[in-house]
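**Student:** OK, Swiss-Prot features for this one:
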DNA_BIND  578-597  DNA-binding region
BINDING   H395, P396, K397, A398, T399, L400, L401, I402, E403, S404  ATP binding site
DOMAIN    313-533  domain 'Sigma-54 factor interaction'
Amino acid sequence: MADPIVHPGVHRPEFSAPLHARAEIIATLRAALGKPNTTLVGAAIGTGMAAQAASRGGADFILALNAGRLRSMGAPSIFSLLALRKSNDFVLDFAQSEILPFVKVPVFFGASAFDPRCSIEAELERIADAGFGAIVNFPTSIFLDGRFRADIEGAGLGFQRELEMLRAAQKRNMATLAYVRTVAEAQQAATAGVDIINLNLGWNVGGTVGSRTELSLRQAAEYAKIIFRQIRAISEDTLCVLEGGPIVSPDQMYEVSALSKADGYIGGSTIDRVPLEASMEQITSAFKSVGTLQKRIDELERQLEHVQREYSIVGRSPSIQQIKQRIEKLAASSLPVMITGQAGTGKKLLARGIHEAARRSGSKLISSEDASGESLFGFAPSEGGRKVLGLLQYHPKATLLIESVECLCVDAQERLIEVIETGAYRRLGDNERGRFEGRLILASTRPLPELGSSGQLIPALESRLAPGHVFLPPLCDRLEDLPLLAEHFLQALRKDRRSRKLSVDHSAYRVLMTYGWPENIRELRSVLETAAIRCEGDWIKSEHLPPLGDANADAPHPHPGEEREWILDALQRHRFRRGEAARYLGISRKTLYNKMRVYGLPLQPRERS
């Protein structure tokens with residue numbers, strides 16, 4: 001066995017099984033699973049470089065497998081079943097020297113039970129003494145079939161021996177993970193009390209040496225849901241994860257996990273071989289065509305600037321795309337626009353975008369928060385007094401933004417209706433009329449229907465504002481826009497302060513993507529500005545971020561019962577077509593999936609009996 005690699009200047013911690021004892025490992029994984037917008041991710045790899053990269057990328061645990069090592073040598077994963085080397089010696093050689101000293105997440109040792117000459121207890125003692133606190137049955141007999149599988153099982157070297165190994169590992173206080181493929185295997189593993197059960201959907205597709213599969217994503221999800229239901233009926237505490245088959249991208253992983261109610265995903269080829277092949281091809285091609293590539297970069301940067309300028313709203317999520325389409329139509333009309341959304345979602349920026357899109361010559365954007373209406377309409381002087389001009393008279397062609405519209409008194413709301421309907425207004429204190437030829441934009445932090453039902457808006461005004469209503473979703477409902485928003489804010493910061501170009505590191509993104517953002521994009525900008533001051537290099541990392549609280553406790557949420565009915569109504573309206581329902585609700589499809597899981601809503605309409 002090779003001596004552990006020790007890099008100069010890197011401290012190698014002393015690892016032993018008690019440091020990653022069974023209870024500690026499972027508690028760590030459950031804590032990670034409890035964070036918002038989080039799915040457990042395991043990386044099944046075979047080199048120290050891959051393990052460190054996966055750990056930096058946020059992997060919750062590592063599987064050290066002979067298949068991972070073979071992939072790094074250019075062979076497909078299926079070669080792991082061939083008797084090329086003594087598998088446990090092979091894995092121990094690289095995992096102890098390259099992986100254990102340099103990652104802080106739990107490492108599951110891929111242990112083979114095929115060799116009848118090896119005592120299970122002796123192998124486990126050797127693995128535990130090397131510092132491993134967790135074990136997984138790999139290579140495994142579940143990939144065998146037909147007569148060969150029957151012969152292996154008949155010789156007592158198949159899946160039952162693997163379960164015996166996992167049970168023995170638990171007695172040594174080691175965490176256990178079982179590979180399964182069938183309902184029967186899953187039930188046996190659950191009965192054995194295995195901590196994590198990984199449903200393997202077949203060898204991975206994708207890349208140059210990927211396998212083929214006839215299994216669709218939906219079929220994979222439905223099969224996994226059946227398996228996981230069986231597991232949880234036996235052992236509700238068992239963590240259920242999946243791997244392989246048709247899943248080759250994060251989006252596909254999320255779709256299958258959401259539909260099947262999986263706790264997580266294990267990536268093997270999808271984490272090392274497939275992206276490595278693609279990235280090496282791309283970087284080699286980039287070196288060969290650097291001039292052409294730079295032109296493409298310049299073009300993409302121009303496109304990014306265009307996206308950022310478009311109506312002053314940054315993002316490409318479905319809800320934001322829908323808002324942009326709606327704004328394009330509203331900007332070309334004379335309808336009053338009513339913008340609602342939580343504080344900090346960018347209502348004033350959106351108002352400016354609508355104003356600029358309308359291209360009214362000589363027009364300014366003027367804002368008002370006057371509850372009495374005096375600054376809007378002006379008022380006639382009393383005897384000996386002085387006449388006061390209102391904004392409508394002083395800026396007759398401006399775009400007028402009325403913030404916190406619900407604070408307007410009833411008289412001011414009635415006068416506003418007259419402006420909307422006729423373009424005429426009356427000053428307070430007399431009946432003298434003036435003409436307003438500009439644009440009205442109104443804003444509130446409360447939903448429009450709520451403003452009407454609570455009596456804060458008179459019904460006539462609510463009905464006039466409904467056709468031009470635009471709802472800005474909170475940042476927590478469009479987290480897919482966060483990277484683009486971060487780039488936008490850092491680019492603006494660079495221009496304002498003439499500072500260097502900054503980018504957000506993956507470690508910082510992991511923190512940002514799991515935060516609830518109660519103050520929305522306003523808070524994101526503040527966080528990035530603080531991080532930019534703390535950062536001395538070119539990359540903002542997690543340690544540069546200011547402390548972020550638990551937004552999920554503070555952020556306003558609708559009553560669960562009301563929100564459930566609201567979502568169910570949208571699904572029924574659109575015959576459970578989730579993409580259309582999400583667009584109707586103004587949230588992302590991912591957010592809709594999450595909320596459906598939380599409220600136990602069916603993924604398709606129930607058949608009537």
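Placement of Cβ uses the backbone N, Cα and C atoms for every residue, glycine included.
Keep in mind the model is a prediction, meaning the values are calculated, not measured.
Can you walk me through where each of these features ends up in the structure?
**Tutor:** Within 10 Å of the C-beta of L401 (ATP binding site) there are 24 other C-beta atoms, taking all protein chains into account.
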**Student:** Rank the binding-site residues H395, K397 by how many other Cβ atoms lie within 10 Å of each Cβ and give me the one with the fewest.
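**Tutor:** Least crowded of the binding-site residues H395, K397, by Cβ count within 10 Å, is K397.
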**Student:** Taking all residues of the DNA-binding region (578-597) together, what is their mean pLDDT?
**Tutor:** 72
**Student:** Just to confirm: which same-chain residues, 6+ apart in sequence, have a Cβ under 8 Å from the Cβ of E403 (ATP binding site)?
**Tutor:** K347, K348, S367, S368, E369, A443
**Student:** By a simple count, how many Cβ atoms lie within 10 Å of the Cβ of T399 (ATP binding site), its own Cβ left out?
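**Tutor:** By my count, 22.
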